[in-house]
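*Asks:* Mind having a look at this structure? Questions to follow.
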């Protein structure tokens, strides 16, 4: 249980950092979705990779926007967290949103692997020719894990909320502390309330590790494919930096960035849930929450830099902003 009051300097630092992350996430994911949708309207068709990127950007845009809405709700209605229905509804919403965010990113890695990797295996070629169906099957199969996750969370929520209601002395004297703990613990919003959270950790970690493992396998297979391709180029005495090699490298950069950010996210999720004694130090708590929000927000800029169309669109926006700034300076605004 938490027993100390929040230091206002820590709370101020936490709030400023989180607001910057939220604004950055809204701009980043909103930009990806806007560029792809405008291109879709212009060309009247959209590629498979752009479909995945757009769905991923919209999912994370909603996630980041919901964080801002929840902050405003808790500021305007500080007694809102006492309602068990609100706890359950927000928990389910963030689980669903986080689920599709992670699995769509996994689908992106699998898509790059099947499109770029070169293997003569008949099963791989079968999947390569049916990459759209493979992605659809992955999404549909992930719904099974989503259902199990929601059911597990629902069962656990009943015990956690009951424990919270039965121990009103825990946070009724300091609702601000409960609000921040509840609000920014990602899809595990009630784990920091009771000391029994370590019981639920293996179940929650399982749902998190499944897409991570799939992405890791795709990443390793891409490395193996690049190694084979590089050896083939050496035998044929061709330039190592051919089109296929560059495609491998770009795909590896995209998948690796996801794995790195996701590994950091999982690390701090485990720290936040498992080491409850450590989390009594408010500095560690703040750092844990901020680190958890970095993953879905910072990944948008990795996607922009890794996609030629998005990168060119971002470069075209920057000169416009500079020109607008110069015009405003000229007008004395």
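Here the Cβ of each residue, glycine as well, is placed from N, Cα and C on the backbone.
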*Asks:* Quick check on the annotations: Swiss-Prot lists transmembrane segment for one of 135-155, 156-176. Which range is it?
*Replies:* 135-155
*Asks:* Out of 206-226, 227-247, 311-331, let me know the one Swiss-Prot marks transmembrane segment.
*Replies:* 206-226
*Asks:* Mind checking which residues of the chain, 6+ beyond the ends of the transmembrane segment (206-226), have their Cβ under 8 Å from one of its Cβ atoms?
*Replies:* 99, 102-103, 105-106, 109-110, 112-113, 116-119, 138, 142, 145, 148-149, 245, 248-249, 251-252, 255-256, 258-259, 262-263, 266, 269
*Asks:* For the transmembrane segment (91-111), give me same-chain residues lying six or more residues beyond its boundaries with a C-beta closer than 8 angstroms to one of its C-beta atoms, as numbers and ranges.
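*Replies:* Result: 48-49, 52-53, 55-56, 59-60, 62-63, 66, 131, 134-135, 138-139, 142, 145-146, 149-150, 153-154, 157, 186-187, 189-190, 207-208, 211-212, 214-215, 218-219, 254-255, 258, 262, 296, 299.
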